[in-house]
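Here is what TrEMBL records for this protein:
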ACT_SITE  HIS453  active site, proton acceptor
BINDING   LYS53, ASP316, MET322, LEU323, LYS324, HIS325  FAD binding site
BINDING   GLY179, GLY180, GLY181, TYR182, ILE183, ALA184, CYS185, GLU186, GLY270  NAD(+) binding site
DISULFID  CYS44-CYS49  disulfide bond
DOMAIN    4-331  domain 'FAD/NAD(P)-binding'
DOMAIN    352-463  domain 'Pyridine nucleotide-disulphide oxidoreductase dimerisation'
Amino acid sequence: MAPYDLAIIGSGSGNSLITPFWDDKRVVLADQGIPSTGAFGGTCLNVGCIPTKMYVRPAALARVPEEASRLGVKLSEARADWPGIRDRIFGRIDAISEAGRDYRELLEHVDLLSERVRLTGPRSFRTASGVEVSAQQMVIAAGSRPVIPEVPGVELPQVHTSDTVMRMEELPEKILIIGGGYIACEFAGIFSGLGSEVIQVNRSIGLMNQLDAEIAAAYSAQAQTNWTVHYQRTLAGVVEDAEGKAVAQLVTSDGRTEEVRADAVLLAIGRVPNSDTLGAAEVGLDLHPDGRIAVDEKLRVQMDGVPVEGVYAVGDVSSPPMLKHVANHEARVVAHNLEHPQQLRRARHEAIPAAVFSHPEIAHVGLTEDQAAEQIGAENLTVKTQRYGDTAYGWAMEDDYGIMKVIADARDGQILGAHAMGYQSSNLIQPIVHAMSFGQDAYTAARGQYWIHPALMEVTENALLGLDVPIPPEAPL
Ligand SMILES: Cc1cc2nc3c(=O)[nH]c(=O)nc-3n(C[C@H](O)[C@H](O)[C@H](O)COP(=O)(O)OP(=O)(O)OC[C@H]3O[C@@H](n4cnc5c(N)ncnc54)[C@H](O)[C@@H]3O)c2cc1C
Ligand SMILES: NC(=O)c1ccc[n+]([C@@H]2O[C@H](COP(=O)([O-])OP(=O)(O)OC[C@H]3O[C@@H](n4cnc5c(N)ncnc54)[C@H](O)[C@@H]3O)[C@@H](O)[C@H]2O)c1
């Protein structure tokens, strides 16, 4: 077969690369489909960001009667209709995924290969059925997959990953969640909100330990008031008992064994890039120790440390943070670079924010306090932790746990990081992402604009104002 102009592996972020520029050229898009359903369109749409947040919202609503009663409003008890919620969510998502596949199949200049592929060179691959494909330019956007521990019983139907847990038949009365990161904490929030008994087990002490230590500790304490959390345990295996329940064997760090009986077990212990199943190392692509394909700042893959012209990688298969907004940015950069090989642009990886849509919600951007101290010295830092409850709206909410912490360079007011936990923290942090991205110092970011009083956003304003930073000459009052 003659070489294509462009070959893309992966229909998540990879799908957005087929811009009108390619209308008069030949493009091939290969995607094996989501393993559990065969769906087109990648992780975010089918088994990631979108369906999880469609569960986060009903779970938050199910918690409303409790909060309302605290503020003097009696609402009747919440009861989640899991099959109804599930069918509404996937009724919407599956339709989008199918329409996306149909659209790609209709396009005359695009060949869609719905099967697994393996690289045969940096610009070529072979499909599982033996179709050989080569192209002038290629993009690897093959994503990542859940880590499955190598212990007995993980293939039992009661044992899930994020790929399958959202399509369960019934809401589990009791669910055991293994892991203490993004996915485990989001699902713990979802299932506890919808009414399941949740037991979360993490290998280390604390949840969300990759975050700023103050936020991780505050979140871990809060999580323990909302569901059961056990630390220093790993999964040794799962068996099915006579009633069809899962019985998980856990091993504690001091060698004791424990059993937890539950209707479902969710494995959420990390994700690995799909570079191995693609055979990236075998064709000579450079990999990081964690399996990510190494790329330069223009997102070209590298062989022996040298960028390969016209071959790019984007998203989870190569990015350090596995986040959809990062994959989207990288896809925009690669779309440009494919179309303008003489004017390559760089990807921007500064001030990347992220949120954990758990209960409570967490948001963060930039350095943790420890990282900032390491980078510029603790004596040069100024740090403010603002409680939601000490602002007007937080006080009206009678909020007693929300916090926003901002870290800046005390010498010039440069904002180095921000970390928040509480209601709508993913929105409250955005002005700080803005200030960091556009190089505004903390004082100018706080005083250079009006803040609506008494909106909850005053948490962000007060966190910035609480920093001990120099006031620039002629700064707004
Ligand atoms: C439960 C969950 C919740 C998440 N929530 C958020 C969130 O709230 N916010 C956020 O920013 N991020 C979130 N993420 C992360 C986000 O989903 C990913 O960062 C993003 O989807 C990665 O996109 P991608 O294009 O790199 O890969 P993907 O969308 O995974 O696309 C890769 C595609 O390549 C295909 N493929 C892989 N190998 C082969 C092969 N050998 N042959 C053929 N096809 C292949 C796969 O089938 C897949 O369709 C979440 C992830 C999960 C799992
Ligand atoms: N809201 C979001 O942006 C969002 C949501 C979900 C996922 N994601 C992305 O997906 C990635 C993967 O998420 P994740 O939660 O699977 O990974 P993670 O790296 O965030 O967390 C993995 C957790 O599992 C624990 N762990 C590892 N091995 C274990 C074991 N054997 N037993 C018990 N615990 C163990 C680790 O201590 C850690 O707490 C995230 O890093 C994130 O980039 C983002």
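Cβ from N, Cα, C; glycine included.
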In this predicted model, the domain 'FAD/NAD(P)-binding' (4-331) has a mean pLDDT of 98
Cα of ASP316 (FAD binding site) to Cα of ILE183 (NAD(+) binding site), in Å and rounded, measures 15
Students should find that the Cβ of GLY270 (NAD(+) binding site) has, within 10 Å, a number of other Cβ atoms equal to 16
The domain 'Pyridine nucleotide-disulphide oxidoreductase dimerisation' (352-463) resolves under DSSP into 43 helix, 32 strand, 37 coil
Among the recorded positions GLY179, GLY181, CYS185, GLY270, HIS453, the ones with a Cβ under 6 Å from any atom of ligand 1 are none
Cβ neighbour count (10 Å, all chains) around CYS185 (NAD(+) binding site) is 26
Integer Å value for the Cα distance linking ILE183 (NAD(+) binding site) with LYS53 (FAD binding site) is 11
Counting across all protein chains, other CB atoms within 10 angstroms of the CB of CYS44 (disulfide bond) number 21
Among binding-site residues LYS53, ILE183, CYS185, GLY270, close to ligand 2 by Cβ (under 6 Å) are ILE183, GLY270
Cα of GLY179 (NAD(+) binding site) to Cα of LEU323 (FAD binding site), in Å and rounded, measures 18
Those recorded positions from GLY181, GLY270, MET322, LEU323, LYS324, HIS453 that fall inside 10 A of CYS44 (disulfide bond) by CA distance are LEU323, LYS324
Sequence-ordered list of residues in the chain of LEU323 (FAD binding site) that lie 6 or more positions away and have a Cβ within less than 8 Å of its Cβ, or none, is ILE352, ALA354
Nearest to LYS324 (FAD binding site) by C-alpha distance, among the recorded positions CYS49, GLY181, HIS453, is CYS49
Rounding to whole Å, the Cα atoms of LYS53 (FAD binding site) and GLY181 (NAD(+) binding site) are apart by 16
Cβ neighbour count (10 Å, all chains) around GLY181 (NAD(+) binding site) is 18
Densest Cβ environment (other Cβ within 10 Å) across the recorded positions LYS53, GLY179, HIS453 belongs to GLY179
